[in-house]
């Protein structure tokens, strides 16, 4: 892919959105492993100081599990608010507010030892989760609504690049040689405050998302100025005309809610895409491999002293392959990368199941298992990881997008909790999901590469209104949203 230097301000906006957005999610996912023993020790000391008896092991583990899992609860609440807040206040203002949430969480983490309160850590983790759940969806909206269609795939996939970069950063800064010590763990937990400050200061200099200004607010001149500033182009008529078609279709229509997305025939197949290959991507097995890397490496026969380096290797491999995917996405297309990605993941994990069962029979099997695990990571980064986010930006028009993101975020965070707490090593579930998703994407989903929003909706209408006229339920075909 050739980088067009005219869009350097748009690339800079992408950097600003990423460093204070999905980067935060990635960091919070990976950063918790290092300070685990120090936080549990702090909980025990706090309990002893309050009640003059040490906390029982079961209670300590219960509190620790709450500290870890409350992040998912916060993410779910943030995802719910990503529907109404960006529509009412705009994408930019919501992200500025979201940075304040992260700063409050960072302050709670720093002062929790001084206040002798592990409850502050719980609240801080909840706020970090809220920041991640809200920030992910709004960042995706902002990118999709600021990008030309020829760059939409490349720029939207950066949300996954920054997430992977955050994971690798969290792993590296959390080692004992840096910040993973008993004295430094509060500052390690508060590290997310720095990207929040950076985004808050720099985002002030960027315009609101152009499509939001025109389609939702009717600010034609503001939209034109924002496009000109971001794209450095004078001839914007084609883009303005496309947005005008969307806005014209909103006249006299009702507000589209979550219930509308769930029940309207005109977005039935888009909803299926949202639920099956996109929002349920947690069931492809990658996050189980990532979170339980040590256990899986141990099961695969890897030596204990090599596990930490292999775990960092997983994060680095994920980052490299997602960057490669961003360079291929607008050439290869969404459908091929996601469909064949799921298919290959299903096949490789089927082989991995067999190899794990015979790991003690031959000396070379553990090395083969490591190669298979890294193969799954590579394919995930090249396909399903990034495409799941891009498709959501492609297939829903302005009216449906915020509510669709609420549904997607809710499913995603719930599935993450299920994946990490219930399925664990059940690779058969992952295999079944990958193969089913591959068939669904390859045989049913139209390609969205290089198409405008209206063109994509017309393709989906051929599925939504199969054997019926596309004028049916035309009243539901709304392209702008007001709350």
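Here, residue 1 is simply the first one shown, and the rest follow in order.
For all residues, glycine too, the Cβ spot is worked out from N, Cα and C.
Caution: TrEMBL annotation is automatic and unverified by curators.
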Ranges 233-250, 251-268, 341-358: which does TrEMBL label transmembrane segment? 341-358
Do you know which of 34-53, 154-173 TrEMBL annotates as transmembrane segment? 154-173
For the transmembrane segment (154-173), the candidate among 61-82, 94-115, 185-206, 308-329 having the most Cβ pairs under 8 Å is 308-329
